[in-house]
Amino acid sequence: MQSPTAQGTNDGVRPARTWPSVLGTLTDGRDLSVDEAKWAMDEIMSDNATSAQIAAFGVALKMKGETPEELRGLADSMLGHARKVPVDDDVVDIVGTGGDRSNTVNISTMASLVVAASGIRVVKHGNRAASSKSGGADVLEALGVKINLGPDEVARCVREVGIGFCFAPVFHPALRFAGAPRKEIGIPTVFNVLGPLTNPARPRAGLIGCAFPGLISVVAGVLAQRGNSALVVRGDDGLDELTTSTTSTVHIVADGAVTTRQLDPRDIGIARVSLDELRGGDAEVNAAVARRLFAGETGPVRDAVLLNAAAAIAAFRGLGGRTLEDALSDGLSTAAQSIDSGAAATLLARWAELTSGLATSK
């Protein structure tokens, strides 16, 4: 067990850091400091916390309501325990929290390939499905990409192809200590939103989808504190990405500040569709959808992928004084060219071939 340490506050000195003091702070409805949150996660990631303490922490934090400082402390701890990817931070991630239970096709995964094919390097961080039929890792496997690669292999993929995938269990092995308590309590907690904040490549830009309406501004706040350029989004139909069935809420993170607005896809020439037109299936079904998309199939799925790819491109480039709609319109043209030129299909084939070779040589 780590030795307890005292925490100074404006009102005096808090009790030494122990689980009773941290849990007592939360159950009293008071916020943790960045360092206190980091201490708690360090204990969890070091296997120094019991299942009861982990479960109590997740539930108490959820009931109080998480702050950007708390999420930042937890995420910083996770990154401190993670395996590092040796790439510079001039990359973008396109990722969602999951948990929207919509069972749509893998929009963010397809968008990641489109963005990478446009020449912007992508490091995607993801996992297998938790509440859906197909997660990002599942569909990439079905597309022929080997996902169990280590840091050096992922970095090589980024250098040679322009995209890499960090499979969460490989890069955050210590998170397994929280697995059983999370499963036992059976409700979403802060652990469900940490994935998009803990990409081991530490990208400077991102399109981050958040399925939980009460946490979207908190996630945006963490990214602002880090100085990232990002769009943090939630479809007003509940999707953890930009939707084409209705409007989306968009938190624009730039220069350490957050601005919030609504986006209607019709304002950039994308028709609204029924959410049913974006539904998918298991990994094999969704992989077939991706292959048809990259072969030139048009329709609602293409529109949704282009919209999210455009948003990631806008987050990477920055708005630069443009309106969100203007930045997205520029990104749409770039994304469409990635598909129509065959670049996205070619990139996928090259990536699958490279990862197969790397996996064989491990």
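Placed from the backbone N, Cα and C atoms, the Cβ positions cover glycine too.
For G96, N127, the entry in Swiss-Prot reads anthranilate 1 binding site, with the evidence type sequence analysis. If you look up Swiss-Prot, you'll see G96, 99-100, T104, 106-109, 124-132, G136 marked as 5-phospho-alpha-D-ribose 1-diphosphate binding site, on the strength of sequence analysis. The Mg(2+) 1 binding site annotation in Swiss-Prot covers S108, E241 and rests on sequence analysis. Residues annotated as anthranilate 2 binding site in Swiss-Prot, with sequence analysis given as evidence: R182. According to Swiss-Prot, the Mg(2+) 2 binding site annotation covers D240, E241.
Features recorded in Swiss-Prot, as mapped to the structure shown.
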| residue | record | CB count, 10 Å |
| --- | --- | --- |
| G96 | anthranilate 1 binding site | 27 |
| T104 | 5-phospho-alpha-D-ribose 1-diphosphate binding site | 24 |
| S108 | 5-phospho-alpha-D-ribose 1-diphosphate binding site | 25 |
| H125 | 5-phospho-alpha-D-ribose 1-diphosphate binding site | 26 |
| N127 | anthranilate 1 binding site | 19 |
| R128 | 5-phospho-alpha-D-ribose 1-diphosphate binding site | 17 |
| R182 | anthranilate 2 binding site | 19 |
| D240 | Mg(2+) 2 binding site | 27 |
| E241 | Mg(2+) 1 binding site | 29 |
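Using Cα positions, the member of the binding-site residues T104, S108, H125, R182 nearest to E241 (Mg(2+) 1 binding site) is identified as S108. Put simply, G96 (anthranilate 1 binding site) is 19 Å from R182 (anthranilate 2 binding site) when counted between their Cα atoms. DSSP assigns the residue listed as 'anthranilate 2 binding site' to a helical segment in the three-state reduction.
For the pair formed by G96 (anthranilate 1 binding site) and D240 (Mg(2+) 2 binding site), distance between Cα atoms is given as 6 Å, rounded to the nearest Å.
Cα-Cα distance from S108 (5-phospho-alpha-D-ribose 1-diphosphate binding site) to D240 (Mg(2+) 2 binding site): 9 Å (rounded to the nearest whole number). Annotation note: S108 (5-phospho-alpha-D-ribose 1-diphosphate binding site) sits in a helical segment as assigned by DSSP.
The CA atom of T104 (5-phospho-alpha-D-ribose 1-diphosphate binding site) is located 10 Å away from the CA atom of D240 (Mg(2+) 2 binding site).
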